[in-house]
Amino acid sequence: MPGHLLQEEMTSSYTTTTTTITEPPSESLQKTVPLYLEEDIRPEMKEDIYDPSYQDEEGPPPKLEYVWRNIILMALLHLGALYGLVLVPSSKVYTLLWAFVYYVISIEGIGAGVHRLWSHRTYKARLPLRIFLIIANTMAFQNDVYEWARDHRAHHKFSETYADPHDSRRGFFFSHVGWLLVRKHPAVKEKGGKLDMSDLKAEKLVMFQRRYYKPAILLMCFILPTFVPWYFWGEAFVNSLCVSTFLRYTLVLNATWLVNSAAHLYGYRPYDKNIDPRENALVSLGCLGEGFHNYHHAFPYDYSASEYRWHINFTTFFIDCMAALGLAYDRKKVSKAAVLARIKRTGDGSCKSG
């Protein structure tokens, strides 16, 4: 929905490999290296690593500036989705299957694409896979890859501060969708603007999507999913629009948003009890593997975003399938020893690992 774009004022070889990330064995190193760095060995990327030195400035937060266009468009979208829910029983089976497939591909454009590949660099992808993921990400319409990744890196680096775009301390609604309905906090703009995004600026595919994002999302998120059922198997236009477009898109949005809201409020913290992100299996069901959030914030460089790889984690299965085809490689996976060490040191005692 175009209203998303108004939240802020716009100014080699085919060998597949898995990298195991291990914890430094030296006790002296553990005493001198900050917790948020001691298990991360990616020399090329540090912008998603939590920075505990950042603190909010004292004083009241600035007054919220509502983006009424976003509010109105988001309300209309959800009303259209509710009507789509009513139309589900009268829709053709092919339409429901089409909406489901579109949902899954869109979710992978977020999980396997902008999240694990472009935001965190947890694995590498060949050009055919990157093209598929950039298309899938455009289908999902949650801001272009560059902006999404910048916000997400800020979310990790400055988690639960005013510089976190969807700071969960401000409540469920704000972290779920409210942050998209207001102008960004000045700290989000300031800190986000200072992040090193040179890796994405150098990627032509990401910059191409950013340049042509508005017409691309109009085609891939709205026109195509509506046109196909109506044209190819004679679905009623209103069903095509409200079921395969409005309802499907709304479900994709809310499944993703639940990672920011529910997975920061409800669940266990087996890996680090000192941070708000939680393990939430229900969230993982909806977003195909992104709900193991305590683990993900403890180890943001793990390509599976979970200790258990394929368990309620279709996205990891997808990446592994792409690796088997030679399209994904250099998948980074934290070692069992490092995970157990973290559980012992900072876990809440709820983990059954080991």
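Cβ coordinates come from backbone N, Cα and C, glycine included.
According to Swiss-Prot, H115, H120, H152, H156 bind Fe cation 1; the candidate from H264, H296 that the record adds to this site is H296.
Of the residues proposed, H155, H185, the one Swiss-Prot records at the same Fe cation 2 site as H264, H293, H297 is H155. If you check Swiss-Prot, you'll see E235 and R331 are listed on opposite sides of the membrane.
In Swiss-Prot, the annotation transmembrane segment applies to 237-258, one of the ranges 237-258, 303-324. For the recorded positions given as N70, S198, the lowest number of other CB atoms within 10 Å of the residue's CB is seen at S198. Report note: the Fe cation 1 site is defined by H115, H120, H152, H156, H296, and the residues of the same chain whose CB lies within 8 Å of the CB centroid of those residues, excluding them, are D48, R116, S119, R153, H155, P300, A305. Predicted-model confidence for the motif 'Histidine box-3' (293-297) is 97, expressed as mean pLDDT.
Comment: substrate site residues N70, N143, R150, D151, R183, K184, W257; largest CA to CA distance 20 Å, whole number. Residue counts for the topological domain 'Lumenal' (89-92) by DSSP state, with H, G and I taken as helix and E and B as strand, are 2 helix, 0 strand, 2 coil.
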